[in-house]
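Taken straight from TrEMBL:
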type: TRANSMEM; residues: A:20-48; note: transmembrane segment
type: TRANSMEM; residues: A:54-75; note: transmembrane segment
type: TRANSMEM; residues: A:87-103; note: transmembrane segment
type: TRANSMEM; residues: A:109-131; note: transmembrane segment
type: TRANSMEM; residues: A:138-163; note: transmembrane segment
type: TRANSMEM; residues: A:175-198; note: transmembrane segment
type: TRANSMEM; residues: A:210-228; note: transmembrane segment
type: TRANSMEM; residues: A:248-269; note: transmembrane segment
């Protein structure tokens, strides 16, 4: 059997065993059902009313939670094995660093994907059963959402690997993972907004939308807005209206956000020497 | 495969602040057990990691099973490596069987072999318990089982007998002897000097990244020229001195001891003295003809004595 698959299988089983998958799935289900039911409460209605508003709210929550979940799932991957001594052992096995890295990534990405499929898929089916909605459009929108949420998770797994491979202590990795989450999810948008306001429009207008590509959580949000055809961009996303919102491009950007951190962690892994 | 399992030519490893290993050349033949001895930080672990290809040498050339251990091709040959790291620990939440199945799969072996090895190291009764419940000795046995996966041709063991009970230690040496007769080269690093002596072919002593001695035990003994210790019961000191024609000088005498030899009631007084290896036969010939002689022991310098000798010798020249 392929070495990557052997490692992936182990990581996947570990994920199931740690009840990670279960916990994430439950969180996703509660989020989706809660937002679907209470999402229109501000408009004075309870119950599933609008697919658009449900997915927009779900996207805002996912932007906070999915990166955090992915970082927490993956920050320990390498530094944990380093502390245990198993990383040293595995490096004497017939297994290349790329195989180990890709195997771990495949396994943990599968965990996140499974959690999104169950966690967003089940609520979609429940919504279809209990509400009078266009079943096809709900299912299509939710499946696209599942793909995007998984992709967002993969990005942050890959980012967590950079941390996990660079440091030598578990606690340091956990701290750095939280900082990364804080930067991408909270700080980035604020700073970008501040720059745009302070510059009073002196920044090249065609360049501005591309600044959003620097943050995978923003790319995720634009993609969600695009697929559901939402009209009301909110916050910093307004600048995306001026271009750079082609779905294919954005999708490619997300894939790059997976591939580049993975390649970077592989590079660090090979450069680093396992010493005492 | 040729006869040489491991060959090092002028291999060194430098870190920015410390020199881990000074240029070193040596080789280990297939079917040979090399004992590697030295203090903590002497460079033993570094040397093992260099041979395994985990570390990149700062200079020199390494061949492990005929290939550079850091080349791309070496991944195929790593199937033939067995390595036991110091203070080994495993995936705590998995059972011993799961750990060994996973590692066996990575090495390209079946579950059946993993299960057989669990039997061999006497872990079968605990195999389905999580590793976090294992004692130090059980972890060590699991570590040995994974090192023995797939009939390795190069076995590198860092402190293999730590935490093992006497029976497990004996079983371990039996397995090593079996693999050795199958042509496996073994590099064995240990702090427990007395137990290891009879199982190694050659010894290498390292200190501060330098090779102090390398050779068969007999060669090392000869080179060190340490005195052998003779204990005699039944004869007085005077009688021994007369019999041996003044070979023994005043400074050769050691403190006499009372040892319970054959039975508790019949404890005898032993006179002990040092002498050089050359005089051994003369002394034996002269004393053994005496009818009063009750008992006679000869103690060759042990590995521990040799280890101390080479280390102190090195420290003297270094100062």
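Cβ atoms are placed via backbone N, Cα and C, with glycine included.
TrEMBL: automatically predicted annotations, no manual curation.
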Most Cβ pairs under 8 Å with the transmembrane segment (A:138-163), selected from A:54-75, A:87-103, A:175-198, A:248-269: A:54-75
Same-chain residues near the transmembrane segment (A:54-75), Cβ under 8 Å, at least 6 residues beyond its ends: 15, 20, 24, 27, 31-32, 35-36, 39, 48, 104, 108, 111-112, 115, 120, 141-142, 145, 149, 152-157, 159-161, 163-164, 173-174, 176-178, 180-181, 184-185, 217, 220-221, 224-225, 228, 230
Most Cβ pairs under 8 Å with the transmembrane segment (A:87-103), selected from A:109-131, A:175-198, A:210-228, A:248-269: A:248-269
Cβ-Cβ under 8 Å with the transmembrane segment (A:109-131): same-chain residues at least 6 beyond its ends: 8, 11-12, 15-16, 20-21, 24-29, 31-33, 36, 47-48, 58, 66, 69-70, 73, 138-139, 142-143, 145-146, 149-150, 153-154, 157
Beyond the flanks of the transmembrane segment (A:248-269) by 6 or more, those residues with Cβ under 8 Å of it: 78, 97-98, 101-102, 105, 148, 151-152, 154-155, 158-159, 161-162, 164-166, 213, 216, 219-220, 222-223, 226
Cβ contacts under 8 Å made by the transmembrane segment (A:175-198) with residues that lie 6+ beyond its boundaries: 63-64, 67-68, 71-72, 75, 156, 159-160, 163, 167, 208, 211-212, 214-218, 235-236, 239
